[in-house]
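Notes for the one structure printed next.
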């Protein structure tokens, strides 16, 4: 279930970013309330295969693009300890 949720989240980020719809923070909550997390922009662009994102952030890419944007996931996922903001 977590893997499916993560894939769905990444898909939403990629599609939203390609359409310019991602704001600074995107909140997501599962239907049963078990998962509650935010996707936060790290305010940095990135390149595939490089280590350009700040610590704790990942590079979100659209399709086969080599350029993307850095994001961080903050919050609770089922069965995992809470992620703490730094």
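Just so it is clear, glycine is given a Cβ too, placed from its N, Cα and C backbone atoms.
Look at Swiss-Prot and you will find 1-20 tagged as signal peptide. Residues or ranges marked as disulfide bond in Swiss-Prot: 42-57, 46-59, 53-70. Sequence annotations record features per position, and here Swiss-Prot assigns N-linked glycosylation site to 45, 76.
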For this session: Taking Cα atoms as reference points, rank the recorded positions 45, 46, 70, 76 by distance from residue 57 (disulfide bond) and give the first.
Result: 70
For this session: Would you mind reading off the Cα separation of residue 70 (disulfide bond) from residue 76 (N-linked glycosylation site), to the nearest angstrom?
Result: 20
Problem set entry | Neighbourhood of residue 59 (disulfide bond), C-beta criterion under 8 angstroms, separation at least six | 46, 47, 48, 50, 52, 53, 68, 69, 70
For this session: Can you tell which of 45, 76 has the least company, meaning the fewest other C-beta atoms within 10 angstroms of its C-beta, among these glycosylation sites?
Result: 45
Problem set entry | For residue 42 (disulfide bond): intrachain residues, at least 6 apart, with Cβ closer than 8 Å | 53, 54, 57, 69, 70, 71, 72
Exercise. Cα of residue 76 (N-linked glycosylation site) to Cα of residue 45 (N-linked glycosylation site): how many Å, rounded?
Worked result: 25
Problem set entry | Assigned conformation of residue 53 (disulfide bond) - DSSP reduced to three states | coil
